[in-house]
Amino acid sequence: MNLMDIAKIFSLLQPEKEEEDTGTGEKQALNQAVYDNDSCTLDHLLHQERYKRFINSRSGWGIPGTPLRLAASYGHLNCVKVLLEHGADVDSLDVKAQTPLFTAVSHGHLECVRMLLEAGACPSGSIYNNCSPVLTASRDGAFAILQELLGHGAEANVKAKLPVWASNIASCSGPLYLAAVYGHLDCFRLLLLYGADPDYNCTDQGLLSRVPQPRTLLEICLHHNCEPEYIQLLIDFGANIYLPSLPVDPTSQDDKGIKLLLQARATPRSLLSQTRLVIRRSLCRANQSQATDQLDIPPVLISYLKHQ
């Protein structure tokens with residue numbers, strides 16, 4: 001992030017001069033209708049030009065935002081619907097550069113998330129915010145929300161947008177890392193199914209090259225004493241089992257995760273497992289990670305490809 005990036009952020013978040021001095025009553029009326037979850041009143045107001053011109057204006061206490069951001073944060077689905085029908089900017093930013101989708105994800109409002117995505121919201125959130133909807137859903141264990149985001153094209157290898165000097169922090173901030181550390185096995189598996197890299201949760205070699213000693217997911221899972229299922233999933237999805245260095249303490253050999261890793265190192269991967277890896281990687285490279293159901297193969301093999 002450079003000075004030009006910072007200047008761009010502030011320019012986006014600065015309110016228009018005329019907005020600062022006008023429309024206070026209209027903005028308050030729109031926000032009050034959203035607060036009250038009164039979609040009928042909101043619809044009536046937005047049919048009037050004096051109110052509609054402020055549909056994308058940021059206002060309110062705390063974190064000033066648009067009416068759509070407010071509706072998304074409260075989970076007021078009907079208000080979200082009315083605002084979108086009247087042309088509200090689906091990716092409008094609040095003063096923290098967060099989109100309505102990010103706000104809906106943060107508050108766990110699945111139906112609002114689904115409606116915003118169907119209206120064209122960017123599943124990755126704003127490029128001007130350090131976090132992303134996928135990172136938030138992975139951290140919170142919001143499986144259904146994460147599934148919606150990934151199904152609408154969100155990147156499973158998304159990274160927090162940190163400056164170069166903090167890249168050593170970013171290397172361990174991917175959604176897989178968060179799902180593992182916070183113990184959300186279902187989200188962890190889902191991310192892998194959508195093509196998350198099982199080694200570093202990062203496919204940006206430029207970023208990895210700037211990290212002096214990047215830690216693999218296997219290392220992180222072992223360090224945090226994650227359940228053996230996490231280790232097994234990483235092995236099954238093709239993680240490099242020779243990357244992490246194992247502890248020299250003999251007592252650590254009793255750890256179930258380390259036992260799994262040692263067993264994988266000592267046992268050649270089966271031809272069936274290798275075939276599954278090749279097929280899944282080919283589908284991911286073609287951005288078709290969920291196309292297994294379309295393959296002309298027996299159902300039992302489709303289930304195997306989906307790790308079921």
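Even glycines carry a Cβ here, placed using N, Cα and C.
Features of the protein shown, as given by Swiss-Prot:
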type: DOMAIN; residues: 268-308; note: domain 'SOCS box'
type: REPEAT; residues: 63-92; note: repeat 'ANK 1'
type: REPEAT; residues: 96-125; note: repeat 'ANK 2'
type: REPEAT; residues: 129-158; note: repeat 'ANK 3'
type: REPEAT; residues: 171-200; note: repeat 'ANK 4'
type: REPEAT; residues: 213-243; note: repeat 'ANK 5'
*Near the repeat 'ANK 2' (96-125), which residues from the same chain, at least 6 beyond its ends, have a CB less than 8 A from one of its CBs?*
9, 12-13, 63, 65-66, 68-69, 71-77, 80-81, 84, 90, 131-134, 136-137, 140, 142, 144-145, 148-150, 152-155, 158
*Considering only the recorded stretches 63-92, 129-158, 213-243, state which has the highest number of Cβ pairs under 8 Å to the repeat 'ANK 4' (171-200).*
129-158
*In the same chain, who gets a Cβ under 8 Å from the domain 'SOCS box' (268-308) while lying at least 6 residues past its ends?*
151, 189, 192-195, 233, 236-238
